[in-house]
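These come from Swiss-Prot:
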{"type": "ACT_SITE", "residues": "147", "note": "active site"}
{"type": "BINDING", "residues": "53, 146", "note": "Mg(2+) binding site"}
{"type": "DOMAIN", "residues": "49-229", "note": "domain 'UmuC'"}
{"type": "SITE", "residues": "58", "note": "site 'Substrate discrimination'"}
């Protein structure tokens with residue numbers, strides 16, 4: 001739990017527009033500027049752990065750069081055979097969602113403007129937001145290109161204001177200087193800070209205090225628990241469990257008996273207990289992506305295309321972050337929830353999808369013994385700057401050719417979208433990898 005050693009303030013409220021502290025608890029508008037955008041909470045001035053998430057990030061950047069799009073439904077994604085990367089909130093009103101097939105999105109919102117993703121531009125804007133976060137605290141843990149956890153413990157003397165005020169200033173600065181909006185969740189732990197940031201999008205600022213955690217979670221769906229994806233939520237539902245409150249009545253031993261080690265984790269989280277610390281990005285240990293399948297899989301023809309798609313996802317993140325990794329890590333979870341991890345160290349760091357995939361495939365082939373898997377993941381660790389990555393292979397000429405081809409594919413995808421070019425591994429299986437249920441968050445809300 002991250003708390004700031006703050007002396008209790010008599011005020012229990014804050015205006016998000018003029019940043020004045022509110023002395024009355026009943027007024028619906030700011031006593032200084034008249035704004036209705038007030039934050040009130042009993043623990044507002046003692047909480048210091050935040051989750052910051054930019055709103056519909058890709059679409060917001062495109063609307064910023066083209067004011068003519070401001071009042072139009074906008075979809076960022078591939079062609080008719082592609083998927084939605086993100087949609088603005090006007091498009092979401094019509095039912096458009098991230099990862100939706102493009103033809104379905106256009107059926108739902110035929111008047112939508114479609115723009116190909118420009119990952120280079122989004123990465124640049126993401127770095128600007130990240131720098132503003134670092135101006136607040138050195139304890140910034142990036143989660144994706146547009147979101148991060150921040151720990152502002154002990155920063156009140158530096159900023160001459162409690163974390164809630166500092167975060168409200170940050171939100172205004174992002175909006176005024178970068179031209180996009182962000183939603184903020186403030187709490188005492190990472191899990192509930194993340195939950196809070198999703199409560200009032202866009203331009204939200206929500207607070208979940210420690211005293212209210214149990215009651216707040218009680219009537220929420222089990223899918224709100226960190227790490228519970230659609231597949232596990234379906235398992236819980238098959239057991240008659242739909243709300244967190246139902247799980248809160250179970251003893252830790254009963255949860256572990258029913259769900260193994262995941263049961264122990266559930267017991268803590270559904271009580272709002274999360275001891276994870278904010279880890280600054282210079283201490284980032286790995287970059288990974290994983291997928292939980294709708295149905296358990298065992299055949300190579302099903303698993304290999306997924307591995308390829310995930311390898312490309314990890315590669316994109318490494319390239320966007322200008323980092324590389326030397327150790328390839330394969331993660332598998334069997335149908336009975338047993339976890340298998342395998343790793344192999346390379347001779348030099350890589351950020352190439354081809355090298356990640358081929359090394360991961362070698363590890364995967366040793367595990368394909370008929371076992372059915374519910375989850376597959378691939379990642380890299382032992383990270384370093386990308387300037388040391390992937391030197392020319394003087395022995396394997398084909399590897400060098402594949403690296404050149406991958407660079408060309410990257411340029412095409414940056415220009416025309418992620419689905420402009422597909423490899424034989426993913427294309428031949430009818431894009432199986434994209435039909436699975438992702439447990440990582442590659443498409444931002």
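Backbone N, Cα and C define each Cβ position, glycine as well.
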*Rank the recorded positions 146, 147 by the number of other Cβ atoms within 10 Å of each Cβ and report the first-ranked residue.*
146
*Measure from the Cβ of residue 53 (Mg(2+) binding site) and count the other Cβ atoms within 10 Å, all protein chains considered.*
23
*Using DSSP reduced to three states, classify residue 58 (site 'Substrate discrimination') as helix, strand or coil.*
helix
*To the nearest whole angstrom, what is the C-alpha distance linking residue 58 (site 'Substrate discrimination') and residue 146 (Mg(2+) binding site)?*
9
*Spatial separation of residue 147 (active site) from residue 53 (Mg(2+) binding site) - C-alpha basis, Å*: 4
*asked:* I'd like to know the mean pLDDT over the domain 'UmuC' (49-229).
replied: 93
_Cβ atoms near residue 58 (site 'Substrate discrimination') (within 10 Å, other residues, all chains)_ = 29
